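Taken straight from TrEMBL:
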type     : residues  : note
REGION   : B:1-25    : region 'Disordered'
COMPBIAS : B:1-23    : compositional bias 'Low complexity'
TRANSMEM : B:40-59   : transmembrane segment
DOMAIN   : B:98-321  : domain 'ABC transmembrane type-1'
TRANSMEM : B:103-125 : transmembrane segment
TRANSMEM : B:137-157 : transmembrane segment
TRANSMEM : B:187-211 : transmembrane segment
TRANSMEM : B:231-252 : transmembrane segment
TRANSMEM : B:259-279 : transmembrane segment
TRANSMEM : B:299-318 : transmembrane segment
Amino acid sequence: MRRRTLLTAAATTALAAGCGGPSASSSSSKSGRGRLTYGVWDVYQMDAMRRAAREFEKTRPGVSVDVQLTPNGTYWTKLRTACTSGSAPDVFWMNGPNFGLYADAGQLLPLETSGANAVLDPDDYPADLVSLYRWNGTQYGAPKDFDTVALWFNKELFDRAGVDHPDASWTWQDLIVNAQRLTDRKRGTYGLAAPVWAQEYYYDSIAQAGGWVISKDRKHSGYSDPRTREGLRLWVDMIHRYKASPTLQQLTDTDATQMFQSGKVAMVQDASYNAATFYADPELRAKVDVAPLAKGRRRATIIHGLANVVYARTAQPELARDFVRFMSGRRASLIQGKYGTAIPARNGTQQTWADAMPRFDLKVHLDAVGYSVPYPISTNTAAWSHQELRWLARAWSGDESLTDATRSLTKAMDKLLAQEGKGGAR
Amino acid sequence: MSIDTRPTAAVPAPRVPAAAPGDARARRRRERRFLHRDKWWGYALIAPAGLGLAVFYLWPVVETLYYSFNDWGAFGGTTWTGLSNYRTLVTDPEFWHSLGNTAIYTVLVLLGIPLSMLLAVLLNLKGMRGTGVYRTLYFLPVVTMPAAVAVVWRWLYNGDVGIINQALSVVGVHGTYWVSDPATVHFAVAVVGVWMTVGYNMILLLAGLQSIPQDYYEAASLDGAGRVRQFFSVTLPLLSPTVFFTTVLSVIQSLQVFDLVYLILGANTGAGITNPAYTDGETVVMLFFQKAFYDNQRGYGAAIVCALFVLILALTAVQFRLQKRWVHYG
């Protein structure tokens, strides 16, 4: 998972102004006092989270919720330590790559999915998100938001090169040919940026080529499958063969999103959570738009989303479950959508997110759910995703052939997955 | 370092020639009793600092050593695995690579000591004007946060828009991607390392220079020694304890370098590991951080830092052994 690094806080404030008042409906208010802590990591979502927490407090007199922000860089380190010592927040954000570790170690409380005490109804959310937070048949997370990946493009650069804007009909071939046409050596602009990013680039292209990252039983790496390699080759070729992307060195010195924002590249594959950043810059707002990812052997995008989870050793399991029910529920989702920082996971509330940024064709990101592929995870995802980045960077930079790099990667990843089987990560 | 608490070293017992033997015995008894009390006072006074040291330094050292013999999971569960982590360590190419990188960095930063000496000598020259200003300028990087330094240098080094390459292009040189090119990354990082430490070493050496009595120089010039001869025969030997001190400190600090390199390589932005020069820039402490805090292999991480600790200890011991050959005291 790539961290959001360059965002401006302006996005949230601008959009918050358009946020309507609280709805009049009030859920059955129970009595009881209590103080809940809610751990989050994204400063740009703080306003929306605080707002939703206030709404929850209104439905539960005597209850107060303390939204605690820990920056992404230290969130996981701190949370692990807090879980070890029994002092983690009652409810906190979880992501796919970290979920396996927490669920497997029994750090999370199961959430009922049916009956009178149901915390969530699986049918209310995209299926891939619900299954992302299920471990050995038990549900541990209630989806909070999601992000899909799409092709963001700079209209100005397209028009200058006389290339038609991308649309749903684009295949990999169109992507390659047009990226080359958009590359202008004299001006130093490129058709497309191809960094070593998992969620936005190679996980998507692997799925589009019909390959796979990890086996269903989470025991084997898919990096030696020829189709998986085909998905990776698209980006390596984009740099070395078609010369339509900046080199990995250039992309190391200047971030791909940054290059896109400054008009150095015409196209970038980006997740929906960056839409608010682009929208916040008035100049960029007028210049860029979004289209579906180009089709390979099939159409695919990676879907990933966060979930609200309950800490296993919370002092107030019932209150915490109620809070999760609320935060992943309809009202909190509508609030979240209006702030525009993330697509709410709850079905029927997602349009609010797109409506918050009417100048972009954000339907693309919402429709992508129809052909999405879940984010690949195992118990200790972080360990092998580090190996992915390390080895794939060697292929991207041209230091090693893709075949050699993926061979080493397969070996390293299989070894780590075998260690997981022995419970090494706990 | 051991602190000598015997009374004779600090206060020589006064000789009183004409005194009865009984008197002397009584006095010695009194003295002993006083010293006994005194010793406890001493311990009581260093207790706050000693306690902090024990809790925050010594105990974690012991714990880390213990954990290096364990598999230590993300949530604190440990299982004894004996030497397994160390066996992995000696066969891990990434560890040896990072050790090599750290060694190169250390050697390059040591080259900054002659530079610091040159600056110190220049600032010590009689009749130099504005020494206060220069002293401050050279010392500024020392008091600046490494994180800020790294972020600024990263921009200076940027291959496309960095000021270094823009300056080079004026004279027709096409600069490289300094911190993402394996060929230049060692050099680029070390330049910043030197830049950050040169002021500190300079101040220490300057103090050393100023403590050399003028008489030696007067005697030397009477004997007909020129400025250069004076430097090598008077200044350098008398400065050698300070040079030794700065060398030892430099080596220890360089072997532990982390934040500066981590940030210059861009590891904080997520682009770090995919930096083509990452494996050629990665230091031992960076590897430890990666293994312990991202890969959740904390036992292995503990083994890495324990190995580094032993290495630093050994290198420092060797330096103390070798100093007898070149360091002159008094």
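We number each residue from 1, going along the chain as drawn.
Heads up, the Cβ atoms here are built off N, Cα and C, so glycines get one too.
Most Cβ pairs under 8 A with the transmembrane segment (B:137-157) among the ranges B:40-59, B:103-125, B:187-211, B:299-318 are made by B:187-211. For the transmembrane segment (B:231-252), same-chain residues at least 6 beyond its ends with a Cβ under 8 Å from one of its own Cβ atoms are 106, 109-110, 112-113, 116-117, 121, 197, 201, 204-205, 207-209, 212, 216-217, 220, 225, 312, 315-316, 319-320, 323, 326-329.
Counting only same-chain residues 6+ beyond the ends of the transmembrane segment (B:259-279), those with a CB under 8 A from a CB of the stretch are 94, 97, 105, 146-147, 149-151, 153-154, 157, 179-182, 184-185, 188-189, 192-193, 196, 286, 289.
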